[in-house]
């Protein structure tokens, strides 16, 4: 028995030693595998990732210089024009045609058509129609054309009734509808120009459904066109009636004020060219006809018309002293749809018209250079990509791969200068500048995605969603709190949330394993991504 016990123990020892040996062998294999992985990662990191990141740093450096130079150039032009008091009224003759209250000869006034395209605009249709019908102009020299594309029968009846009410007061109001929404806004305007009564109209003023021109709008704008045959367009400035509604509208105001005060002003002063804003402007009918009329090939039908007219040698003037009340998108959903349209459309238009711009014979080389480089490439493509990539991709990657150095002037000085130049349009909101930067960095992702969709003519390249208007906020009972009544899937934007998680991980890594303070920027940026990704910015409207 004792011998048997020794034998069993011996066998047990052999089994144990065998198992222990196998475990040692397995551990060694795992260790060797992990070591090979680490070595492979080190080789990939040193041989591929770090060089790529360094190349990205050089690319962003070049793009940042381009963006800064463009901002400085446009800002300098705009400032010089203001310092020299080169107002449009000093450059172009704009003497009043006649005093409406004293002149008894209405024939001295040209025929003007006022177009108001709309689509299910229940909250604001009365505002725009009423403002157009109150314009100071001889009644027999003015036609107000309401182009109603509404699909809601109740709203169509309301709009029609409003037109009939003004017609009963002696205003020449034309209520026009069509069978379908082919071409969206461009198709609607194009159809409106086909009516026989339009042929006698020398000028066309256009207002979106939420725009409310002052009574003297035509009196101030039409003389520019009457006295200057080379002018095709008079563009006026937008004045936002709901800028104080929420943080979203305040930040939009900052961007739009810069656009009007600097970009439009500079374009008008440099080469009499800028992008038509699609509303609050007056066109010469001849210029519209000669340019081929409205085209629906992109979602930037206004820019399309302006570009074709500009290439024919027509001139534009921006008159910032004339302001037209209108409404900013108050909900993030509406703002995102608007920005998609405003980014996708110009990208597709640039792709379609690049060679036409180069081949244009009626414009100077300088004007072609301005349109291609400044108007499209620097401002819309490089500026958008740099804003997204540098702040939301390159800096977080630099935290993880510090071997690729970013110069201090590139990291701090240039972005700060660009930010300050962008903020000059709205001094009252200077305290919101940091939030505005974070917000614009996130929206740059959305805009750049739209640019790619436009370039490659993807499924959403011609998507047209009318920007939702809320009208008089105080009268709405459907406005909810910031949490609103949206379903979760309607509030969730995957790409923004994903980038937010990436930034959050980078911020945590920087805090725990690095000695610098990049997390102080990256963490707030990730929070802004989450705020937009889960739609916690802007007003929320009940979907009932």
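Note that the numbers count up from 1, one per residue, in the order the chain is shown.
Glycine is treated like the rest: Cβ placed from N, Cα and C.
TrEMBL assigns the feature transmembrane segment to residues 55-77, out of the candidate ranges 55-77, 78-100, 101-123. Within the listed segments 412-439, 440-467, TrEMBL records transmembrane segment for the stretch 412-439. Sequence-distant contacts of the transmembrane segment (518-541) (same chain, six or more residues past either end, CB-CB distance under 8 Å): 245-249, 329-333, 335, 391-392, 395-396, 398-399, 434-435, 438-439, 441-443, 468, 470, 476, 478-486, 490-497, 499-504, 506-508, 510-511. Within the chain, the transmembrane segment (412-439) has long-range Cβ neighbours (under 8 A, six or more residues past its boundaries) at 64-65, 67-68, 71-72, 75, 247, 250-251, 253-262, 390-391, 524-525, 528, 532, 537. When averaged over the domain 'Glycosyltransferase 2-like' (204-399), pLDDT in the model lands at 96.
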